[in-house]
């Protein structure tokens, strides 16, 4: 009797392991199928545009508000960030969460940032058109800020 019980138990166990258990999980709709390496290799060529082409495309349009990022877009600020990173956390990016870093960057080390010529040209084109230019930054706000506004204004030739 014992052998029969063990045999039936073994058969029942084997049969129960045969089926896959499926949890009922909500699956969202597929939004994007993604791309393959082949598709990436066949991308369309990039069309670079000049400030003159942008200006021409805006002819006849009413003045508009435009916004531009500051750091490493219009403003080559990597040297200042690099200098302060070495001081606060040379081996990681924890310096970005350190208020002392931002005080130093926004008040001292931004003087090592440089405007990019294309940024100067683009801002001047928009100002000439009568557009309102806004600058956007992801920088952490500090108690004081003596460099950023001053150097962006001076570097991009923005009238006071």
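Even glycines carry a Cβ here, placed using N, Cα and C.
Straight from Swiss-Prot, the features:
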- 1-23: signal peptide (SIGNAL)
- 69: active site, nucleophile (ACT_SITE)
- 69, 71: Mg(2+) binding site (BINDING)
- 71: active site, proton donor (ACT_SITE)
- 137, 138: substrate binding site (BINDING)
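Other C-beta atoms found within 10 angstroms of the C-beta of the residue listed as 'active site, nucleophile' number 12, with every protein chain shown included. Proximity of residue 137 (substrate binding site) to non-local residues of its own chain (separation of 6 or more, Cβ distance below 8 Å) is seen for 69, 70, 71, 148, given in sequence order. Ranking the binding-site residues 71, 138 by the number of CB atoms within 10 A of their own CB puts 71 at the top.
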